[in-house]
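Per TrEMBL, these features apply:
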TRANSMEM  7-30  transmembrane segment
DOMAIN    24-317  domain 'Plant heme peroxidase family profile'
DISULFID  C34-C114  disulfide bond
SITE      R61  site 'Transition state stabilizer'
ACT_SITE  H65  active site, proton acceptor
BINDING   D66, V69, G71, D73, S75, E87  Ca(2+) 1 binding site
DISULFID  C67-C72  disulfide bond
DISULFID  C121-C313  disulfide bond
BINDING   P163  substrate binding site
BINDING   H193  heme b binding site
BINDING   T194, D238, D245  Ca(2+) 2 binding site
DISULFID  C200-C225  disulfide bond
Amino acid sequence: MASRGAFQLNVILILAIAATAFSALSPYYYEHVCPEALPTIKRVVEAAVYNERRMGASLLRLHFHDCFVNGCDASVLLDSTSTIDSEKNSRANQNSIRGFEVIDQIKIEVDKICGRPVFSCADILAVAARDSVVALGGPSWMVPLGRRDSTTASRTQADSDIPSPFMDLPALIENFKRQGLDERDLVALSGGHTLGFAQCFTFRDRIYSETNIDDDFAEERRKTCPRIGGNTTLAPLDPSPVRFDTAYFNNLVEEEGLLHSDQALFNGGSTDELVKVYSENARAFSADFAKSMVKMGNIKVLTGEAGQIRLNCRKVI
């Protein structure tokens, strides 16, 4: 336990230093205006994850899907209006992303403890993702803060920019490259699939048609995902879907990746070696995951006078 604590402290210190490179954001942004905000977010997230451990993966995914569409600006939270085509209705998000009620609760509690709406919804997403990972046994990191919220959303952009579970490795590399993320970020962030579940329709072709898959694994998955029907039936992305560990990468080495885009990371390509490293070295994975989360959280952020601080995370002021 002492060794694990020392390692997490080192990760936090390294990322605190790295965060200073992002001049627009700072881990201490709310230190004086609302010092109780971060403990409040942690409390609500821990309660939500305790109530439903799957929620941790859902909150992590919300942040990821937000950042990949025009940056980390909380656009994913906006409901449809006459002028907003909600990203919630995109192919990657419809009937899939969840956890909005937890974000709503966090916003209410934080604004109450701060005495006014000073903490952005975009920052709430970033902090909730970190706290979810920690609650499920993963690493911690200092979250650079100071993002502001968008005043618009784009379902079309979400359809275009959120990586698909059907992508091969070149497509994934290009998709991440457009966001300023490299192959190490791709593999590390894909390791977020150590948490959560996927719907049958996202992996049906893989378990029935692909050859780079363990036979016993495919047969087991076919029991709950028929060729026809059962599209929304869930299967775990790795054997321990509510614990942050290296089982996801172990699965890839054994050709037991659930999604086509998962197994693409270990299929004779340029990312094979990094997958092996992570499968054998939990500390390396945790450290790189934390670094890549900080890097992803800085994509096209709104700061200063840009955007707004929403009163309600689902609506533009």
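Counting begins at 1 with the first residue displayed.
Just so you know, glycine gets a Cβ as well, placed from its N, Cα and C.
Here the binding-site residues are D66, D73, E87, D238; the one with the fewest Cβ atoms within 10 Å of its Cβ is D238.
If you average pLDDT over the domain 'Plant heme peroxidase family profile' (24-317) in this model, you get 97. Of the candidate disulfide-bonded residues, C34, C114, C313, the one lying closest to T194 (Ca(2+) 2 binding site) when CA atoms are compared is C313. Long-range Cβ neighbours of C34 (disulfide bond) (same chain, at least 6 residues apart, Cβ-Cβ under 8 Å): V110, I113, C114, G115, V118, F119. The distance from the Cα of C313 (disulfide bond) to the Cα of S75 (Ca(2+) 1 binding site) comes to 9 Å. C114 (disulfide bond): 17 other CB atoms within 10 A of its CB, across all protein chains. Residues T194, D238, D245 make up the record's Ca(2+) 2 site, and a Cβ search at 8 Å around their centroid adds G191, H193, L195, L237, P239, S240, P241, R243, F244, T246, A247, Y248, F249 from the same chain. Using a 10 angstroms CA-CA radius around C72 (disulfide bond), the recorded positions that qualify from R61, H65, D66, P163, H193, D245 are H65, D66. G71 (Ca(2+) 1 binding site) sits 28 Å from D245 (Ca(2+) 2 binding site), counting Cα to Cα.
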